[in-house]
Amino acid sequence: MHIKTTMRYHLTPVRMFFLTVLSFSYVAKALSGIFMKISNTQIERRFEISSSLAGLIDGSFEIGSLFVIVFVSYFGSKLHRPKLIGIGCFLMGTGSIMMALPHFFMGYYRYSKETNIDTSENSTSNLPNCLSNQMLSLNRTPPEIVERGCVKESGSHMWMYVFMGNMLRGIGESPIVPLGISYIDDFSKEGRSSLYIGTVNAMGMIGLVFGFMLGSLFAKMYVDIGYVDLSTIRITPKDSRWVGAWWLGFLVSGILSIISSIPFFFLLPNPNKPQKERKVSLFLHVLKTNDKRNQIANLTNRGKNITKNVTGFFQALKSILTNPLYVIFVIFTLLHMSSYIASITYIIKIMEQQYGRSASETNFLLGILALPAIAIGMFSGGYIIKKFKLSLVGLAKLGFCSATVHLLSEVLYFFIICESKSVAGLTLTYDGNSPVRSHVDVPLSYCNSECNCDESQWEPVCGNNGITYISPCLAGCKSSSGNKEPIVFYNCSCVEVTSLQNRNYSAHLGECPRDDACTRKFYIYFAIKVLDSFLCAIGLISYSVLVIKIVQPELKALAIGFHSMILRSLGGILVPVYFGALIDTTCMKWSTNSCGARGACRIYNSTFLGRAFFGLKVALVFPILVLLTVFIFVVKKKFRGKDTRVSENERQVMDEANLEFLNNSERFAPSTEE
């Protein structure tokens, strides 16, 4: 009976209302965050940009967050917290909608030079074959007309709207977590705040699952759905030029974020304000008198206090930066999180290019398998730490096991890399008889040299010899089946060269599919990925406790804040950029617009892509083992004979960090603002 009375006292209707609307905002926050990650490849193709630039757009969220994190941390608790959260939700929603705006201004998506942008006629009559291209020189578009359409066709710099919208989303999201948690902590009885915070974060987890499911659905929809006749679209979701309805996700999450902002403007600045006001009113007159007496003294001392605070800040910063354990901790957690940020940012591209899976399928599998594995792993890690009452050395060893499993997984991936597709003109000569040393400027063969083909075109066809050709023209095809599905091209002279035992010299539209061996490798890859996610998540939760045990108690807040800043700036911002630049180096065929400018990559050398991507991840993870070994050695030496087991308060911090890590798993970097 006493417990029920206590719960009713501490969870009044107003406080329950706050928990409800904060949970709703967490769902909207999770949706917008996961939509950004899973739309990365779609944005790259829609705006005809490189992976490195798409990575910079992805990192703009952290740039925006860094702009206001100091303001929120210092002034947030002194101002009207619910209104600040409401403003943050509104800005987050506005940023998401801004990211979707270019879709409505750019016109129809042109996945091919032969696509008619005005009528969206994508029939095979627009696909020049060998015979039709022999007349191409008589029907060339005048250069001045081509030049005039350049800016409109390429979309110019419309990606800047996505960049700025994502930055605004980062600015808006910054106050939600720290101010929401502090507000909950104010009205919660001691020991109950973790329960309420856990409930809110659990709702955020639901948002992540919904995000993956909706992302899978939207990725199946063509980008211009509702504007074009879908029966005329000749590409499928597995095509490297396919762009799904990426903008729908941002529109949905933006509207939800704006709706979630409204209730916060009607809440009190302090959950305990009415009770406090009754107590304060008895002494109001005395306080006013004292304020007048002390006003002059306060003005005199204010300047001295500011100087003292600034000096104290730099002394505290120097103290944590000269702490060897803290410096080692920051470095190895940065390396570990960098590997995970790279995984979540580019996993869809890897699964598309390596194993031929569509973005829709990848999103669905991540949502129903990988995300639950991470959640179970995090809670299992928390249980292990509590059950065995791990000491500081035990926590470090748990992190060491996590890094070891992750390293072994990355090494295993090298053995299940699929070989690059056989593509005439990129990996083979155009006649398909010999491999080429370089994909650059492969000379034409006698089978297509008279066809007058546009070598910059990417309209792949799969010959019945199992070789992919860049276009029907470069395959030497003379005729086609017209608009009849499936679209087939006949009398292909380059296919004939390698089809000595087959008199059917045809090719069908689209790249040749991956073989059965590669499909089996995909299942092995995803099984390892799920197992790796589970086992590594068990150890990662130990990091949230390590950071508060290796510094003095009075420096804990500064240590957490500085650690968060490093992860955001060197991890969240830079990792997508330099991994994207590395991925760009493995591209074999870039799209080009009518102006001749380079666009998005159409096909990668999957062997080089796998080796480069997993190789860089190994280079990031291996030093972690060395640093953790040094860390354990220093801890044993420094804390010899001392009790460094996790206390009850630290367990509560760990529980909250556990749930918050999961809620922010769209970035795979723990939120440490609390």
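For all residues, glycine too, the Cβ spot is worked out from N, Cα and C.
Features of the protein shown, as given by TrEMBL:
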- 18-638: domain 'Major facilitator superfamily (MFS) profile' (DOMAIN)
- 54-77: transmembrane segment (TRANSMEM)
- 84-105: transmembrane segment (TRANSMEM)
- 195-223: transmembrane segment (TRANSMEM)
- 243-268: transmembrane segment (TRANSMEM)
- 325-348: transmembrane segment (TRANSMEM)
- 364-385: transmembrane segment (TRANSMEM)
- 392-416: transmembrane segment (TRANSMEM)
- 441-496: domain 'Kazal-like' (DOMAIN)
- 522-546: transmembrane segment (TRANSMEM)
- 558-579: transmembrane segment (TRANSMEM)
- 612-635: transmembrane segment (TRANSMEM)
With a Cβ cut-off under 8 Å, give me the same-chain residues at least six positions beyond the ends of the transmembrane segment (558-579) that come close to it. 51-52, 54-56, 58-59, 61-63, 65-66, 69, 73, 313, 316-317, 320, 326, 329-330, 333-334, 337-338, 341-342, 345-346, 547-548, 551, 613, 616, 667, 669-674
Can you say which of 84-105, 325-348, 392-416, 522-546, 612-635 has the most Cβ pairs under 8 Å with the transmembrane segment (243-268)? 84-105
Please determine whether the transmembrane segment (392-416) and the transmembrane segment (84-105) are in contact (criterion: at least three Cβ-Cβ distances under 8 Å, sequence separation 6 or more). no
For the transmembrane segment (612-635), which recorded stretch in the set 84-105, 325-348, 522-546 gives the largest number of Cβ pairs separated by under 8 Å? 325-348
Other same-chain positions with a Cβ less than 8 Å from the transmembrane segment (522-546) and lying at least 6 residues past its termini are 329, 333, 336, 347, 351, 354-357, 365, 369-370, 373-378, 380-382, 384-385, 390, 392, 395-396, 398-403, 405-406, 409, 412-413, 416, 646, 650, 653-654, 657-658, 661, 670, 672
Within the domain 'Major facilitator superfamily (MFS) profile' (18-638), what mean pLDDT does the predicted structure show? 83
Give me the DSSP three-state residue breakdown of the domain 'Kazal-like' (441-496), ordered helix, strand, coil. 4 helix, 10 strand, 42 coil
